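Trainee: Take this structure first; my questions come after.
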Amino acid sequence: MHEASIALSLIDVASEVLREHGAARASALTVRVGAWSSVVPEALTAAFPACAAGTPLEGARLSVVTVPGVGECPVHGRVTLDVKRGLRCPACGAPTPTLLAGDELELDEIELAEPDREDL
Amino acid sequence: MTATKPRIVTVRQHILKANDHTAAENRAAFAAAGVRAINLASSPGAGKTALLERTLRDLAGQVNMAVAVGDLATENDAARLRQHGAQAEQIVTGTICHLDAAMVQAVLPRFDLAGLEVLFLENVGNLVCPSSYDLGEAARAVLISTTEGEDKPLKYPTMFNTADVVVITKMDLADAVGFDRDLCRENIDRARPGVPVIELSSLSGAGLDAWYAFVRGQGV
Ligand SMILES: [Zn+2]
């Protein structure tokens, strides 16, 4: 599994955002993981705390939002895909070659633990 | 005024953006040198190294090729590949179960890119993790052998969904293991509708012409 590698990359991206905002720590972060991302949310959540130890993300609450696959059927329009059936319309079985959603692996939001100077 | 006021920052950034950045640098280096980089991914034992050995042998003198091969620990694959006269450099990945763009970038100075036409990036045997990491390759080939079951494409949808070509290896064993060719091709097409599929045997040589056309960038 590569969730530890993903967790380390997540911490790098998040730390950069904290620096840009002059924040020392984050209290929470939200990640969006697509059903076609090959990342297992539970494994990422399990790997995160140890990877975050000693970083500005230490102790931050990680929420993983799973994004289902969405394809476009020529007949049925936008359809939600079942990963076990592949890129096929669930209604008629037509191929839906392009994933419109579901391949995400992104840091969505960070909750900063400390306020900006302007907020004081 | 409260002492601490939590503030939500919307980020919306790819978690692997650093890898994407390095992959773009690799891609630019390959383009500048006129090298076609091919990322090969499969389960362990699907026959990546056997196919590369055969390829290095058959195309020797026609195409200038080299291999960067990722492995958890051993140097075995690189040693096997060097016997066929091509440069092969091992990328020891340690506990990491995939190649990433930085590992590839680190090994590039060992190659004379300007003198190469094709650089194979033989990934670690794994159908999960390599799918997330762009190496800067021009094309990604995903291998599945007739001995590993027809449902692999649906079990590992991300890997197959990122393939530019799917190669079914060990076709010489298809009958012996009761390989269901139609089911396998149906599952591949569900994972990646329309993807070209090459059936071949590195042992008998059947189907290699289509593979060599792909290697040369002449389509499938
Ligand atoms: Zn439909």
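Cβ from N, Cα, C; glycine included.
Remember, TrEMBL labels are computer predictions, not curated facts.
These figures come from a predicted structure and were not determined experimentally.
As listed in TrEMBL for this protein:
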- A:H2: Ni(2+) binding site (BINDING)
- A:C73, A:H76, A:C89, A:C92: Zn(2+) binding site (BINDING)
Trainee: Using a 10 Å cut-off on CB atoms, tell me which of the binding-site residues A:H2, A:H76 is the least crowded.
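Mentor: Lowest Cβ count within 10 Å among the binding-site residues (A:H2, A:H76) is A:H76.
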Trainee: Looking at the binding-site residues listed here (A:C73, A:H76, A:C89, A:C92), whose Cα lies nearest to that of the residue listed as 'Ni(2+) binding site'?
Mentor: A:C89
Trainee: Counting other CB atoms within 10 A of each CB, which of the binding-site residues A:C73, A:C89, A:C92 comes out lowest?
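Mentor: Candidates: the binding-site residues A:C73, A:C89, A:C92. Fewest Cβ atoms within 10 Å: A:C92.
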Trainee: From the centroid of the CB atoms of A:C73, A:H76, A:C89, A:C92, the recorded Zn(2+) site, which same-chain residues not already listed sit within 8 A by their CB, in sequence order?
Mentor: A:P74, A:V75, A:G77, A:V79, A:P90, A:A91, A:G93, A:A94, A:T96
Trainee: Report, in sequence order, every one of the binding-site residues (A:H2, A:C73, A:C89, A:C92) having a CB within less than 8 angstroms of a CB belonging to chain B; if no such residue exists, report 'none'.
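Mentor: Near chain B - Cβ to Cβ under 8 Å - we find A:H2.
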